[in-house]
Amino acid sequence: MGAITLDGKATRDEILIDLKQRVAALTESGRTPGLGTILVGDDPGSHAYVRGKHADCAKVGITSIRRDLPVDITTAVLHDTIEELNANPDCTGYIVQLPLPKYLDENTALERVDPAKDADGLHPTNLGRLVLSTPAPLPCTARGILHLLRRYGVEIAGTHVVIIGRGVTVGRPLGLLLTRRSENATVTLCHTGTRNLAALTKQADIIVAAVGVPHLLTADMVRPGAVVVDVGVSRVETRLVGDVHPDVWEVAGHVSPNPGGVGPLTRVFLLTNVVELAEGRQ
């Protein structure tokens, strides 16, 4: 018997219906939310991501604000564009699409984003608020994972969660979310320096794989009935694959597919952050 699918697409569609209603109410009160994006260069993947985000905006009535910049812009021009969106009253929240060209300092750019307009939840101030459990926009992927688990009735309180990956977009913020009193999980954060990874994953009630190593997590590393969330994406020849080997589906109780699991929720929680900023809930 195979695992139950944690369907991110169906869950996303439920959230989009709710967001459309909330955006309509905001628009009626004269506060239409606006999502801005700053995109530098001509990377096909980045352009595809940005197009998808603005297509999502159109579905729910959020205003799209695009700032597409050439690959050879100066640091000063990038910073001026950030300041322009900081001051733009039509822009409720925005993102700087990563990665930036190597000659541009990503951390310096992100620090210039107004924390009150940080749609990604990755500004240092907002990450600090996450540590303190004070209100702030939450990192979209980590928030999406938590919502997906709740949507399928996965018990979190008192469980042992093993997160593979310590990145700032997934691993670290997810660990902070799961150890809040409202979740009360016990978290082990693993990474490239972890010895005997399988010994830890076999103890886990929930495993989140977010390192971008193709099929890193195999069936012999998973306790029967465990919940497995596949976040990492890698390109192998002509196709995209996740961190979780297909044989895990025969052992685990629940598995999120990849693609189609967490990815759709990352995008929809970007919109959710913007709507909540417009509502004054952050």
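Keep in mind that glycine also has a Cβ here, set from the backbone N, Cα and C atoms.
Within the same chain, residues at least 6 positions away in sequence whose Cβ sits under 8 Å from that of GLY165 (NADP(+) binding site) are GLY171, CYS190, HIS191, VAL208, ALA209, ALA210, VAL211, GLY212, VAL231, GLY232. Annotation source Swiss-Prot lists NADP(+) binding site at GLY165, ARG166, GLY167, THR192, VAL233.
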Nonlocal neighbours by CB distance (under 8 Å) for VAL233 (NADP(+) binding site), same chain, sequence gap 6 or more
GLY212, LEU240, VAL241, GLY242, ASN258, PRO259, GLY263
Including all protein chains shown, what's the count of other C-beta atoms within 10 A of the C-beta of THR192 (NADP(+) binding site)?
10
Output, ordered by sequence, the same-chain residues six or more apart from GLY167 (NADP(+) binding site) with a CB under 8 Å from its CB, or 'none'.
ALA210
Near ARG166 (NADP(+) binding site), which residues of its chain come within a Cβ-Cβ distance under 8 Å, counting only those 6 or more away in sequence?
ARG172, LEU189, CYS190, HIS191
